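Chemist: Sharing the features that Swiss-Prot gives for it:
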type: BINDING; residues: E33, E58, D85, D106; note: S-adenosyl-L-methionine binding site
type: ACT_SITE; residues: D106; note: active site
type: BINDING; residues: K110, D142, T180, T181, Y182, E183; note: substrate binding site
Amino acid sequence: MRLRNIPDALERIQNQNLLVKTPWNIDDSWIIEIGMGKGKMISQLAFDNPNKNFLGVEKYPSAAVKSIKYVKKYNLSNFFILISDAKDLLDQIKGKASTIWLTFPDPWPKNRHYKRRLTYKDFLKIYANLLVKDGILKLKTDNLKFFEFSIESLKENGWKITYQTNDLHNSLVNSSNIKTTYEEKWVNLNYKIHYLEAIFI
């Protein structure tokens, strides 16, 4: 589905004091979601974990602005937004986070686009530099081929997969899972969601 452009999206985010000024300093109290979309999942995490800080990274302001309704609903003071491409994160963020989420990234299915996948080795280096020792990278996707690519890429680039499942909603970790807007759509169509956790070793 094409994202509808919202001309004043960036201004609306700024007016809510949600937009971070770069470079933004973080520590191990921070959890990052890359490609947060409308922010449903990360805002719920922020509400459930008031002693932690959450940074939603989104390339498109017209998607990120939708998170404002959740900020208001939950009265959040521990959630912030960075408008950025994932490849630029080391220039935008200083410090190390405890967890990075990749939630339903574009699988870039064509072989010639494999370097754009967010689990390609160049991106994995960025995440390794943004995570504390034993920090966790978490991935959710509905695309099995992308999931398989991600598993191999992680193994080949110094990561250890500590948990994986091809059916998140019938797994041991489902009780703590918070669905994204995109995820809810596919679950209603009985799609299986693939999930993994990994640490850099």
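Including glycine, each Cβ sits where the backbone N, Cα and C put it.
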Chemist: Measure from the Cα of T180 (substrate binding site) to the Cα of every one of the binding-site residues E33, E58, D85, D106, then give the nearest.
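Modeler: When the Cα distances are compared, E33 comes out closest.
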Chemist: Hey, what's the widest CA-to-CA gap across K110, D142, T180, T181, Y182, E183, the substrate contacts in the record, in Å?
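Modeler: Binding-site diameter by Cα atoms for substrate: 25 Å.
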Chemist: Which whole-number value in Å describes the distance between the Cα atoms of E183 (substrate binding site) and E58 (S-adenosyl-L-methionine binding site)?
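Modeler: Cα-Cα, rounded: 17 Å.
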Chemist: May I ask you to report the DSSP-based helix, strand or coil state of D106 (S-adenosyl-L-methionine binding site)?
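Modeler: Note: D106 (S-adenosyl-L-methionine binding site) is coil by DSSP, not helix or strand.
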Chemist: May I ask you to report the DSSP-based helix, strand or coil state of D85 (S-adenosyl-L-methionine binding site)?
Modeler: coil
Chemist: Work out the three-state DSSP category of D142 (substrate binding site).
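Modeler: The residue in question, D142 (substrate binding site), is coil (DSSP, three-state).
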